[in-house]
């Protein structure tokens, strides 16, 4: 059962905060070294499948790595050369569109700044009239007039000389040297990571010690599988997006369509904003070369339709749900890593966060990372139900139930959600974590939910939990008054609560589930069972009797009373016990050994299936 653990040791908390601050400081200070290493490690997950494919062909490890890295490098060089050629061609064509660009800027200026300037002029004119009126009443003094005649100071502007050809070359070389240094470090580390990929995982496992061999092996395997699948799938998707964007822009007539397609494929590695940066650049070009705005709108439509189709239909099937990251964690990690490492951190944010989530999934000390950034629900279904009940979120309860019932049966919902939530309330009540009113609030929520699922809206008075009539008995009375006794087949399934209000509520839940299966299920007390006058008047017989009990051991006394009060025509072999056990280990083992009934069931779903088959079999005979 979920029990939040609160760490009240302030020195330990301060120590954790100091450690986190030290790690963040080291990440920021060592970004010039850590960024190339991280990029090389991430690229190794993309190239590793190609290396393994070459090795399966019988090629050695070293040659396979060299061929894979060479193919990757040549692909980047060819792509870079093509993009450079497209950029040069685009730069040469820009003067042809100068007049159109000037007209578009004038139109935008008139629509935005022009309106603002008109408003500013009118405001200045209004204040000028007010100032002139005040000046006519209070003429300026002689000192002020003398100050106005003072000559304004002369403005001096210093101009630096334009750099010569040699200085330009030195500036370009300085900028290229930093980029070449990063690329060289990435390629060198990438080669050695691929050469030793079989031993790096073993070394990492060895560092953690032999005691956690299984856990660390599972963590490393899971992280490697997720990252490799993520990179390969994302590379394939982005390549397809680039091709579609390029063909779409070529079809509508945007120049350099290959450039914008390649830019879309590359920038899409940047989470959320990369695709729209490419869309903005292509749309600005489309607006610049076209006299109207139709081409720009068509360009935006191409990007929008492509992104919607890919993100909503293609990605969820390939890798959208395989990373294990929530959408909020992707956004927050992008902000965090871009603040630390700049644009490179923005690209690496998702895989780095994925590694942290996998570590938190397998290492108890880092469990909070999986809770904060993972996409798995922090609370299971019974805990979410219980939490929403305490919060008073009735609509959330109904929505959650209907979502569950789209794929599962009502019996499964009772077994997986309702009964565990009732046991959670019982445990908290026994430990005095909640009051009796709050426990009744859980029961009221279950009753309201059952009414909503049955298609009826029940109105409960605020003081209903304080009157003498139990909640489950109130539910039974309202149910029978609104619908009457069930009129169904000749075989009746009798449902009896063992003892106490929780048992009565559990019996009502079973009653609703049986009626949902079109069985003639009726709530009876022990006294009503002995006579069963209404059932006899309708020409029906009791085919099956259910004794419902929540937790504990129902004992032989209740079952013996049932057998003694059964009509002569009902065999004791028709009595079954639905003994609901807590999924949180609250019941004793002796409760599982109750054999007083003909057969003991512990789940609604199995009890419902048995009832359906039993009634059909009894009617066939």
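Numbering starts at 1 and runs along the chain as it is shown here.
Cβ atoms are placed via backbone N, Cα and C, with glycine included.
Record note: among 148-171, 172-195, 196-219, 364-387, 172-195 is the stretch given as transmembrane segment by TrEMBL. Residues 334-359 are the range that TrEMBL records as transmembrane segment, among 100-125, 334-359. Note on TrEMBL: of 7-25, 235-253, the range annotated with the feature transmembrane segment is 235-253. Outside the transmembrane segment (293-314), and at least 6 residues removed from its termini, the chain residues within Cβ reach (under 8 Å) are 237, 240-241, 244-245, 248-249, 252-254, 264, 275-276, 278-279, 282-284, 286-287, 320.
For the transmembrane segment (334-359), the partner stretch with the most Cβ pairs below 8 Å, chosen from 33-51, 63-83, 265-286, is 33-51.
Of the candidate ranges 33-51, 63-83, 172-195, 235-253, 235-253 has the most C-beta pairs within less than 8 angstroms of the transmembrane segment (265-286).
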